[in-house]
Ligand SMILES: [Zn+2]
């Protein structure tokens, strides 16, 4: 173990970490520096391993590879262990040590899009130096507890909610809450869909991010005007699925809150609904209940907007109509299938009958009589399917030929 940071010489220092172990692998362009125990080191520092890795990437101008699930971290190219050790110390100075007491006791906090160090040892709360590249990444992927939605202290102006007078007093939480706004900014500034999805997922670290807020943040911050485009991307569908799962009402509320009453979206609502249905995000049952006004929307949610929901429903009529017809058609197809099955059965029975006829032929028919059977099989089944009759005739004719051949050879 070495001290945090490594240049502190006190052998009995209480803050220690494992020395970073590396392994350079590969040749030529494929050469890579594996950081074998970065996850362990990061645990000692109390930071997500992706922070120091991205710091190294920026410092050495190296492409990074990071796999949380496999605990893998590496840099493209060959980097010396000594250089990494010094770089890690710089990272520690910036993001792990308290600027005042110099102990590695800080928690990183986010306030209004800026990073703060919150020291548990001396109580110092200070804005961090935001000049390094990875600050943006930290803002987008904050450590657990860095942001937490707390209800706004100021009560809402009365004029903002004229219609809720009769209902029980709703929470002060509104979509203008600074921390919701902050999350939205972070999500909006992330242009890579997969990353935005991860950030959204990480928001669930705080229980204050209820499904309704999350649905709103997803539609507004992750998809916004690109919703339809992103729905052709499996990543986009997965993000939607994570939010829709188990919370169809919140999902619809979030959707209506963002796209409802927006004239530009009027013609796209049905398309969006079709994608939701087709990708199993919202089931037929949900749509049925919505039509019947049987969905239970949480009317106290800041995301709830009755008028927007009605607007969406009205403009989804093309889809809802299609769904209704599709259901009816499905039933018709079912019936047709039943009928088809019946027909198959009848044909099977006929085939059995044919077999019986064949057997009879083989066992005891003489050449002359066989012709009679052919005629008989035709005449005894009036109205039968022609194909079946034809089949029987062909079978019998070929047998007849065989019998004749046999007879001739035999003689
Ligand atoms: Zn301190």
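Quick reminder: no glycine exception, Cβ is built from N, Cα and C everywhere.
As stated in TrEMBL, the feature region 'Disordered' covers range 146-171 out of the listed 120-145, 146-171, 172-197. Checking the ranges 316-357, 358-399 against TrEMBL, the coiled coil annotation falls on 316-357. Within the model, the domain 'W2' (135-333) carries an average pLDDT of 83.
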